[in-house]
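Worksheet: the structure to be examined is printed underneath.
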Amino acid sequence: MLLIFGNHYEYLSIESQAMLLQKLKEITTFIFDVDGVLTTGDVLASESGELLRTFNIKDGYALQLAVKKGYHVCIISGGNGQAMAKRFAGLGIPDVYLGVSDKVQIFNHYLDIYSIDAAEALYMGDDIPDLNVMKLVGVATCPADASSDIKAVCSYISPYKGGKTAVRDVIEKVLKIQGKWFDANPSAADSGK
């Protein structure tokens, strides 16, 4: 059976499609890595030594909308930097963990704080540091350019690359499946800037 999500074509059995759709209906929490997911994975080293990244405005809009619709949104990244922290604060994301070496520990801590069941969480990662967390969540997802080891554990692979609306893709799918994408006026979130 062919499952079609936008421009993404993936062969899944009818049973697998039904199971994925059911899991997406139960998502209350979005957790994202940064480098390679919310960014392309490219960094520019400034003279001060800070690593600079670019973020996609459409991803930002979707993140803001998810927060405003009452979803838990969390960032867990091995990367660090003041600019990253400011970006996520500007989007209204309260739970941002940067400079993380043990993502499973932070993931479990985050679930405990909010009494979230792991089955309600969607995680998007792109490389080996994300692998162990992705094995624990209800729905593991990744950008189109994720490593093959990550793709092997994913329920859904976005047709979009990291930093090029992969985050928007998964948030939009969940909100549409749950009937929450268009249930408010367009100004429910601003431009994502």
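Note that Cβ sites are derived from N, Cα and C of the backbone, with glycine treated the same way.
Among the features that TrEMBL reports, Mg(2+) binding site is placed at D33, D126. The feature substrate binding site is assigned by TrEMBL to D35.
Other C-beta atoms found within 10 angstroms of the C-beta of D33 (Mg(2+) binding site) number 29, with every protein chain shown included.
Distance from the CA of D35 (substrate binding site) to the CA of D126 (Mg(2+) binding site) is 8 Å. Listed in sequence order, G41, V43, R53, S77, G78, G79, D126, G162 are the same-chain residues at least 6 apart in sequence whose CB falls under 8 Å from the CB of D35 (substrate binding site). Using a 10 Å Cβ-Cβ cutoff, D126 (Mg(2+) binding site) registers 27 neighbours. In this structure, D33 (Mg(2+) binding site) belongs to neither helix nor strand by DSSP; it is coil.
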